[in-house]
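Pulled from TrEMBL:
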type     : residues : note
DNA_BIND : 127-225  : DNA-binding region
DOMAIN   : 2-116    : domain 'Response regulatory'
DOMAIN   : 127-225  : domain 'OmpR/PhoB-type'
MOD_RES  : ASP51    : 4-aspartylphosphate
Amino acid sequence: MRILLVEDEPAVAAFLHRGLSEQGYAVDLAADGLLGLHRAQSVRYDCLILDQLLPGLSGLEVCRQVRALDAGVPILMLTALGETDDKIRGLDAGADDYLVKPFAFAELLARLRALVRRRAEAPAPAAAPLRLADLTLDPAAKRVERAGQAVQLTAREFALLEYLLRHQGRVVSRADLLEHVWELSFDTGSNVIDVYINFLRKKVDKDFDPKLIHTLVGMGYVMKIEN
Ligand code: CA
């Protein structure tokens, strides 16, 4: 779980950073709105925590711009004033929830868990096509193309490729795939994933360059353009 915390008050930032790290979250900190927006646009976060009043660019503006690009990432706004107007403005800008300062850290953790859980349970949005190099997957049309040629996939292969593409550049473990593509939250001990990865490789990678599906021994898989 990777979180972006955009907070300009050093004491609050340090407190939240330490607390969240202790809970096992990977936390990136940005002390102003512009840096926060830049980070949010360059890294795929599991959740954003945005202070509303920030130098550079306000939390609301960061929220709006992030939302325009990524409808799915959970955003929790922190508001100092606790006025209804501020809450409404935050929600209008696309925040999923807000917390009024000062708040108990346990409350922040509870909201965070709820947001991330809600996102995991939400149906996958019929999103824009996913791309990596000359590979395109269109979730709405259920079409896959490599180098302009249509690739025929089974439903399971399609789901597997979609998951890998949505997480491109990141290592995806077998457990992740079992849970998200096969909807089993335990390791069945079978080699079903390796079998399907091989099917995908034959259809998507074998006759093409660059290779896009890579195995990391003992860790899982990653989709990226191999240099
Ligand atoms: Ca502030």
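Just so it is clear, glycine is given a Cβ too, placed from its N, Cα and C backbone atoms.
Predicted automatically and left uncurated, TrEMBL annotations should be read as such.
These numbers come from a predicted model, not from an experiment.
Across the DNA-binding region (127-225), the DSSP tally of helix, strand and coil residues reads 33 helix, 22 strand, 44 coil. Long-range Cβ neighbours of the residue listed as '4-aspartylphosphate' (same chain, at least 6 residues apart, Cβ-Cβ under 8 Å): VAL6, GLU7, ASP8, GLU9, VAL12, GLY59, MET77, LEU78, ALA80.
ASP51 (4-aspartylphosphate) falls within a strand segment according to DSSP. For the domain 'OmpR/PhoB-type' (127-225), the predicted model reports an average pLDDT of 88. Each residue in the domain 'Response regulatory' (2-116) gets a DSSP state, and the totals come to 55 helix, 24 strand, 36 coil.
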